[in-house]
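Okay, so here's the structure we're looking at.
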């Protein structure tokens, strides 16, 4: 937005990965290529003469935020929520327990997760959490591997999925059907997954028909689809698809994780103990409280998908550890003039690409308002020239957008043979080598 509304603005984008596009590349599921089309818009922006990409630079380590603030008129922090919320239960550290964030990073080729090597030799997996990420992970675990062969999933992940023995995936939530966080598109994809049938307990949906009259339309449509799937006989098309189904997925409601149960030798996860819950309050605000009952669910794989959280980036930047955000007023960082934030680090880890884009436009507008009002430092600033000198003295080698375009061409050419859109490069050293560094 800066470019459109300010014809003299120069924008430098600092990124800790060697490659651009963040969650669009490393978060969006490989079987959702249409969602990645936003990369085309990003690429147009990055090719502007007034915009520069500086990859392989870790802000807070390679360069401090005060150093950036001294070199630029304004600095915007949009570094998202790269940590996962821990379960904080016994047994969480056992082999076979992973965060959904790391699992997604593994199949999407995030360099830091390339060694994950999940063991998929068990027949039951449990996913804790009922948001879109939970459904993405369930869908990737249950999709016939031949349906993923033409996506940009990594070859390593595809190899592990081909050997997978996982037959049943339980998606577990503390609250009820009216509080699930996934959207109807993701639910529909699960219901229509080839070779897979849904297991929903009609008892979980008793009395819901009357209670959804007054809920907002998206929630109503979602709940109606859940209700139909749970209570109606599948239609001919669905029945034909589900009859030979060797795999299944199910939603378990009113269950909160209490402990990961170890195998007899104590060496890995073999199940999960769930506290049975009931709801206090109604609708979105309802809280799950334990009833005192528990149940044990045997499984060899536990994936926790109970939310992301942001980390503090630099001691000079205020941070609210409870909310996991940078305290801000409409994107202006509290008490630090010229410093802004947008996205998940501004609002918390909710919403999709469109939400985050709208949000970043708002932050951009605030910055431009402050510029107009004379609230940003006057006079020239050195910009990248000053930072380049610092990085160079610290042995940091930034990667430019034209460097990325070389890596991009290499990925595309490696994918061609297998009929894939690309084969992602996973090793930062190999990437630097290909760039002659």
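Cβ coordinates come from backbone N, Cα and C, glycine included.
Remember, predicted model here, so these are calculated numbers, not experimental data.
In the shown protein chains, 11 other C-beta atoms lie within 10 A of the C-beta of residue 352 (FAD binding site). Here TrEMBL flags 15, 23, 59, 344, 351, 352, 353 as FAD binding site.
Every protein chain shown contributes to the tally, and the Cβ of residue 186 (NADP(+) binding site) ends up with 19 other Cβ atoms within 10 Å. Feature annotation from TrEMBL assigns NADP(+) binding site to 130, 131, 132, 133, 174, 175, 186, 351.
Tertiary proximity for the region 'Disordered' (410-437) is limited to same-chain residues at least six positions away from its ends with a CB under 8 Å from its CB atoms, namely 18-19, 25, 33, 56, 108-109, 111, 114, 149-152, 154-156, 397, 399, 403. Here TrEMBL flags 410-437 as region 'Disordered'.
As annotated by TrEMBL, compositional bias 'Basic and acidic residues' applies to 410-427.
Counting other CB atoms no more than 10 Å from each candidate's CB, the binding-site residues 23, 59, 133, 353 peak at 133. Applying DSSP to the compositional bias 'Basic and acidic residues' (410-427) sorts its residues as follows: 7 helix, 0 strand, 11 coil. Spanning the residues 15, 23, 59, 344, 351, 352, 353 that the record associates with binding FAD, the maximal Cα-Cα distance equals 25 Å. Taking a C-beta cut-off of under 8 angstroms and a sequence separation of 6 or more, residue 174 (NADP(+) binding site) has the following same-chain neighbours: 254, 255, 256, 277, 288. Most Cβ neighbours within 10 Å among the binding-site residues 131, 351: this distinction goes to 131.
Of the listed binding-site residues 130, 132, the Cβ environment within 10 Å is emptiest of other Cβ atoms at 132.
Residues near residue 175 (NADP(+) binding site) in space but far in sequence (CB under 8 A, at least 6 apart, same chain), listed by position: 253, 254, 277, 279, 286, 288.
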